[in-house]
Amino acid sequence: MSEEGREPEGQEQKSHDISSASEDRNQLTYLVTDAPPWYLCIFLAIQHCLTAFGATISIPLILSEGLCLQHDRLTQSHLINSIFFVSGLCTLLQVTFGVRLPILQGGTFSLLTPTMAMLSMPEWECPAWTRNASLVDTSLLVFKEEWQIRLRNLQGSIMVASLLQIVVGFSGVIGFLMRFIGPLTIAPTITLIGLSLFESSAAKAGTHWGISAMTTLLIILFSQYLRLIPVPVPAYNKIKKLHTSKFYIFQRFSILLGIVVSWLICYILTVSDVLPSNPAHYGHLARTDVKGNVISDASWFTFPYPGQWGMPAVSLAGVFGIMAGIICSMAESVGDYHACAKLSGAPPPPRHAINRGIGVEGLGSLLAGAFGTGNGTTSFSENVAVLGITKVGSRVVIFTSGVFMVLMGILGKIGAVFTTIPEPVVGGMFMIMFGVISAAGVSNLQFTDMNSSRTIFIFGFSLFSALVIPDWLKKYPESLSTGIPVIDQVVTILLSTHMFVGGFLGFFLDNTIPGTRQERGFVWEKEEHAEFSKTPASDKLYDLPLGITTFFSSYSWVRFIPFCPWEGENSDEASVVQHQPGEDLCDGAFDPNPPANTKL
């Protein structure tokens with residue numbers, strides 16, 4: 001190199017130091033197969049549980065209105081215990097036999113929209129007397145039958161719909177389907193999950209706008225303004241002995257802190273009688289004593305079990321609606337697997353691992369339906385983000401989190417405590433959570449060409465139509481009539497589900513309107529794979545445990561089982577990445593200027 005093209009020696013050394021510092025800052029403390037010390041593992045596992053708790057308890061609280069349970073706090077606490085218990089079981093299955101990445105499992109908002117659409121149909125609308133707290137006696141058989149018949153139909157529909165995910169996962173079809181599902185399908189679908197729940201947020205926040213606004217502002221303060229401010233905490237190790245360490249508590253527990261502080265303020269305002277004690281007065285639901293004696297009435301231990309609400313029933317219309325949510329959940333989970341691998345120092349998950357992950361999520365939804373949680377299961381994106389913050393990618397930590405979630409599901413008092421959170425506090429939390437979900441959906445468009453009129457048209461039309469059509473059908477439910485009741489129910493639920501309408505239109509238009517793969521946003525896959533390929537972990541981490549992979553690897557027929565790893569797969573996948581020079585995997589075109597040694 002000439003002197004003119006060479007950097008000064010000091011500047012070169014400085015650039016090297018900056019690069020080294022950046023690498024040190026981004027380096028993981030524990031990789032996927034590493035095991036932190038037991039005390040650190042427990043702390044990190046609890047942190048993951050607390051990160052997921054906001055979304056976990058939100059689902060039963062939202063479902064309670066559609067199930068006619070808004071005044072039955074004890075049953076709500078049982079639902080919360082059940083969803084914690086099943087989420088823990090699914091996490092253990094996913095980490096052990098599924099995709100084998102450190103990825104937490106929990107309830108999915110993807111199923112909430114079709115579920116609420118199903119429960120809002122005329123035949124499932126709650127009787128007026130169940131909405132009046134003074135008329136509800138939770139011990140009466142007639143009241144129990146009202147909510148149990150709805151929950152049994154819901155859980156049966158979830159169980160049947162989950163079979164789709166099981167088949168798609170374990171058969172390997174998911175890889176084929178993902179070729180057609182791009183950002184312009186995923187973006188409107190996820191965005192509409194948050195937007196479609198604005199009524200539930202407004203109803204709860206409107207019970208006391210002052211308290212809900214305070215909760216929202218506190219979460220914003222903790223998560224955005226104070227997140228980089230460390231709090232000194234005592235620590236001990238053999239080298240430094242007793243010392244103080246910096247802990248970013250506001251960044252880690254922003255939602256939890258916002259809820260606890262608002263909850264405490266509501267308690268102070270309750271005992272001082274600042275909040276009205278008359279149920280007819282505005283702001284009464286902000287009191288902490290409106291839930292009665294739910295904590296004292298709840299048992300210390302509860303053991304959720306399949307069929308605890310009775311024999312599940314099946315609604316054909318509900319099955320198709322839940323399937324729409326499951327398809328959305330699968331697409332989102334595949335993205336979570338890649339993000340989790342990137343943040344935990346693992347290579348990109350191979351086909352067999354993705355197939356197993358989706359299949360195990362299907363089994364999780366089947367379990368969730370059988371246990372009667374009223375929901376399914378999916379990968380938690382929030383906890384994937386925690387891996388990047390803590391720099392701990394160990395799956396032992398997530399396994400421990402699964403154990404803790406099972407224990408939380410068994411302790412009945414824990415579920416009862418969560419039901420005593422005042423309504424406006426929950427409403428303030430919903431405003432943050434659903435807003436972030438909506439924004440996360442829009443963020444998928446970053447991979448597309450946002451300067452393209454094609455992209456703007458598909459996303460805008462899909463999003464707006466998904467708001468218009470369900471709203472029109474809600475106002476004029478009798479306008480859709482084919483003369484066949486079953487078809488009417490199926491079509492009504494599908495067209496009342498915002499994310500189905502938006503996702504279907506996005507999928508159809510994106511795959512029929514001409515556009516390059518790069519314009520459609522599929523270019524990120526190749527770039528992401530190139531970045532993942534630099535990670536230090538071994539492909540062996542995706543092998544099945546207990547020597548299962550070693551046992552079956554000697555059989556040649558294993559290559560035909562989509563969810564089983566085999567010895568020749570790594571070389572096959574490497575040949576896909578090391579594609580022929582001049583070939584563009586994104587749009588199928590060829591490089592107009594290939595290398596000289598390339599034969600055309």
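Cβ atoms are placed via backbone N, Cα and C, with glycine included.
Automatic, uncurated: that is what TrEMBL annotation is.
Per TrEMBL, the feature region 'Disordered' maps to 1-21.
Summarising the annotation, TrEMBL assigns transmembrane segment to 37-63 (among others).
Here TrEMBL flags 83-103 (among others) as transmembrane segment.
Annotation source TrEMBL lists transmembrane segment at 158-177 (among others). Non-local neighbours of the transmembrane segment (158-177) in the same chain are 111, 312, 314, 319-320, 322-323, 325-327, 329-330, 334, 351, 354-363, 365-366, 368-370, 374-376, 562-563; each lies 6+ residues outside the stretch with a CB under 8 Å from one of its CB atoms.
The feature transmembrane segment is assigned by TrEMBL to 209-228 (among others).
A Cβ distance under 8 Å defines the sequence-distant neighbours of the transmembrane segment (249-270), meaning residues of its chain 6+ beyond its ends; these are 47, 50-51, 53-54, 211, 214-216, 218-219, 222-223, 226-229, 231, 286-289, 386, 389, 421-422, 425, 428-429, 432-433. Here TrEMBL flags 249-270 (among others) as transmembrane segment.
Annotation comment: TrEMBL describes 309-328 (among others) as transmembrane segment. Distant neighbours of the transmembrane segment (309-328): 108, 110-115, 117-118, 121, 148-149, 151-162, 164-165, 186, 189-190, 193, 362, 365, 369-370, 372, 376, 486, 489-490, 492-494, 497, 499-500, 503; these residues of the same chain sit at least 6 beyond its ends, with a Cβ under 8 Å from one of its Cβ atoms.
Per TrEMBL, the feature transmembrane segment maps to 396-418 (among others).
Sequence annotations record features per position, and here TrEMBL assigns transmembrane segment to 424-443 (among others).
According to TrEMBL, the transmembrane segment annotation covers 455-473 (among others).
Beyond the ends of the transmembrane segment (493-510), by six or more residues, the same chain brings 110, 113-114, 117-118, 120-121, 180-182, 184-193, 195-196, 317-318, 320-321, 324-325, 327-328, 457-459, 461-463, 465-467, 469-470, 473-474, 480, 520 to within a C-beta distance below 8 angstroms of the stretch. Annotation source TrEMBL lists transmembrane segment at 493-510 (among others).
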| query | What else in the chain is close to the transmembrane segment (209-228), if you only count residues 6 or more beyond its ends and a Cβ gap under 8 Å? | reply | 248, 250-251, 253-255, 257-259, 261-262, 265-266, 283, 286, 422, 424-425, 427-429, 431-432
| request: Any chance you could find the range in 37-63, 396-418, 424-443 with the most Cβ pairs under 8 Å to the transmembrane segment (83-103)? | output: 396-418
| note | Outside the transmembrane segment (37-63), at least 6 residues beyond either end, the same-chain residues with a Cβ under 8 Å of its Cβ set are 69, 76, 79-80, 83-84, 87, 104, 106-107, 109, 112, 115-116, 197, 200, 252-253, 255-256, 259, 373-375, 380, 382-383, 386, 390, 392, 394, 396-398, 400-401, 403-405, 408, 418-419, 421, 426, 429-430, 433
